[in-house]
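**Student:** Pasting a structure below so you can have a look.
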Amino acid sequence: MSSKHIDTTVSDFLLVGIGASAGGLQSLQSFFDHLDPEIQASYIIVQHLSPDFKSLMDELLARHTDLPIQYAQDNLEVRSQHVYLIPPGHNLEIYQKRLYLSTPSADKKLTLPIDIFFRSLAAERTEKTVAIILSGTGSDGTLGCRAIKEAGGMIMCQDNQSARFAGMPESLISTGIVDYILSPGEIAQTLKRYSKHPFVQQNISISDTVEKNKNHLGKIFSLLRNRTGADFSQYKESTIYRQLEKRITINQLTRIEDYTAYLEKTPKEAHLLYKDFLIGVTRFFRDPEAFEKIRTDVIPHLFAAQKATDTLRVWSISCSTGEEAYTLAMLFHEYMEKHECLRHIKIFATDIDSDSIDYASAGHYPENIVSDIPATYLSRYFTKTDTGFRVKKILRNMIIFARQDVLHDPPFSRIDLIVCRNMMIYLKKETQQRLLNLIYFSLMPHGVLFLGSSEAIGNMVEGFETMDTKWKIYKYKKGLPLQERLRLPFIQNTFTPMKDKKTKLYRPHENKGHDNSTIRSETLTALIAPLLPPTVITDAHQRLVYTLSDSSDYISIPTGEMNLRITAMIRYDSLAIALSSLLKKAETTQKELRYTNIALTNNTRVTLSVQRVTNTQGNTYYRISFLAETPSLNAPTSDTDTLHEDYSLVHNYRQRISSLEEELKQKDESLQATIEELESANEELQTSNEELIASNEELQSSNEELESVNEELYTVNTEHQEKIQELHELNSDIKNVLKTTHVGSLFLDNSLRIRKYTDVIEQITHVQKSDIGRSIEELATEKIYPQFLEDIHTVSRSLTEVYREIKMDASRWYTIKILPYRDSENAVNGIIVSFMDTTESYIQRRHQEETRDRLNRAMEMGNLAWWEWDVQENRVITSPGKATMLGYDCNDIGSGYEGWVSLLHPDDVDMVMNTMREHMEGKRAEYNVRYRIRQKDGSYAQYHDIGGIVKQSKDGEIETIAGIVILEETSEGDMK
């Protein structure tokens, strides 16, 4: 890897959490191979690691990045351009950019370290958070990524094609919250572009560009309303801006007008923006302490306030994927079982997002919910499947999931408990008030409201009594007048039909500013309404969407759970049966169909008219009219486009139907006996089946443990394989180095048996392959050199090194080193003996010694000596003659410069020192001076000293000065 400058002083940087499991090593290596190390980000890697093995991840990743890599420690502050690894046997969390370690609970069989870390990362509440999921089995990381998404972070995931194990990526992709699905290398490159975006670097703000182009925000709302049916104009600007900023950044745009244009031509982007605006994040037992209050205080209150025959009605508003609704169902069912008070409980769970409703209705959740649900609830109310857990029927049957826009659709009524958590915080203040009014209208006199911990009831304090201040639980209080008139949507004057095929509840279109077409429509309706018979319009699903005139004589609004199917709203059974029949016939023709002479009461008859119509957009509607009987209506018509018949004729068939029903009843009775016999046999089979289920659950539990262990072992095995390959390469490198240097190495174990050796050893010691495993003591080691075996025993006992230089034959010299063999943990694990052929260096050294001796003898004969002064170390090296010429031994003077200065004649000290200083300062070309120096007998001799600078540093600093001295013959007078 190339070396680049790494700046770790940046305080505002991306926090990148990376989750990986089986097969994740290759993905991580590819990610870091393509990662630009200059990105201002901190990378925290969380894996499934076995606590029984040492992880080698730091060493394996170090070959793929220049970034510093270290294992996380408790209370360790994370820094930009650093990589942190989770240590084996720990969970990892982050708080205020500091890492904290914890030990996993021993009673939990399934460990989910990625979810644990990602949830703590989401709690940092920073939009500079990125979550990346790479290869792995299971679903760890999915719940944590949903929390990060809610907090405004960005989600990236490895694609199935490049993932060695696609379990974790597939689990995350199925949630629909992933912003990028790419290969690891592409993730790294995309991360660089994302980090450079002006919004991420906070060079510009989304609010700045929106304020300059307010009309584009309205256009975005309109596009979403037309394509998804959702109206987000009532959401807070901060919420809208935050999600818009993220979508604009992800699409590498900067201006809202460019994003609006992109949104217009990209239907998929509208769906993604719609999903981000909804922020559909929840989990089982979210805020456990709050649900404990529901269990201990609220549920007993609701049961005490009702009769045993009453239906207890609960409404979970904005239920997302259903975890909250199922949590409530578990608590209610547990209470009934514990107190043996069977009660009919109906939980209405609604949300604007059809995908979330479908997911919740399926009742199947990933395996990582075990970290949220207590074990007793999990075993009681869920069934283990191959890919997760499925809600049992006893729970599922308590809940009705339905799509509903609570801000526009009719509310439920006579509700005992309304749960509306973490929705109002995203709404404008006036919209919050309107929603609270609606909630107040829907609650029973003993009803309870449960809000999110960050929400409040505002100016509705007089309408509620506080049950718990911290967890925002309130009880209905009578006497508060509604702040605004709550009208049921189907009697409003303006309406736009929903185009969403998954719509489960009718929703009107609220529009404060009417356009010209709306005004014309309202005027026309007002003019023709008095002229029309009672007439209504339904959609293709026979749900009431519009009333053209007063139809209250034939239609009534049902109480309780809202059902807008027209047949459920008809006042008279005979009329409802006739309407159902006509609607069925109208599916195949666009002609007007009529039934006449339909008896409502003894004195009242009516003609029913139905016609199917299709508008220019291809949407189907039914026009239904109720005409009171008059002679003119009973007369036959010649209109060929109208098919009508006397409904009294239909009555002739009823007797036949009645007789057939009687025959069917008799057959049912005959079948009942057979059914009872089969039930008896079925009970026996059920008993056997229950035993099999119990055994299966035990096997599934064991299988979970084995899967978890297998995943950890796979990660360890991958690391070991990588390390083995690295060691194999290293071993080959060492062998080649030893061959190149002609060094022979002999490896002995603790018992002095030969483990292995290099090829050169055979030539030196005559050890052969057959000797591997034999003790060195069994061989004729005296042929190597006589003390060889003794030296080996010395090293084995004292753990010290033995160094010898020996002549092994007539012409070859070897340097032999014997030392303890230490492993990676510094433990002694044998002896290593190295043989290095030093014949050439020995000959050269001998030659140099002989030359130096001859030179020293020549210099002594000529009264000459050389010297060298290491200025930095203040150490003087001289030839022996410099001291012996004065009668001294070399050790008498010492190695310092001051030792020689102390021998100078007092009158010559300044002259010598000044000459040396001037030379060092560059004022003299050389150091050339004559001075007197004291001999050992006390007399002085005359020295002629000549020298100069021989070595300087790159900065010009003097390192070494060298020269020669000449002992001159002088008279006795000159020496005084």
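For all residues, glycine too, the Cβ spot is worked out from N, Cα and C.
The domain 'CheB-type methylesterase' annotation in TrEMBL covers 9-191. Look at TrEMBL and you will find S21, H48, D140 tagged as active site. Positions annotated as domain 'CheR-type methyltransferase' by TrEMBL: 205-468. Taken from TrEMBL, the feature coiled coil applies to 650-723. What TrEMBL records for 851-923 is domain 'PAS'.
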**Student:** Quick one: among the active-site residues S21, H48, D140, which has the most Cβ atoms sitting within 10 Å of its own Cβ?
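**Tutor:** Going through S21, H48, D140 one by one, the largest Cβ count within 10 Å is at D140.
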**Student:** Kindly state the mean pLDDT of the coiled coil (650-723) in the predicted structure.
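**Tutor:** Here the predicted model's pLDDT, averaged over the coiled coil (650-723), is 66.
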**Student:** Using DSSP, how many residues of the domain 'PAS' (851-923) fall into helix, strand and coil, respectively?
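**Tutor:** Final tally across the stretch: 37 helix, 12 strand, 24 coil.
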**Student:** Round to a whole number and give the Cα-to-Cα distance in Å for the pair D140 (active site) and S21 (active site).
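**Tutor:** Per the Cα atoms, D140 (active site) and S21 (active site) stand 9 Å apart.
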**Student:** How many whole Å apart are the CA atoms of S21 (active site) and H48 (active site)?
**Tutor:** 5
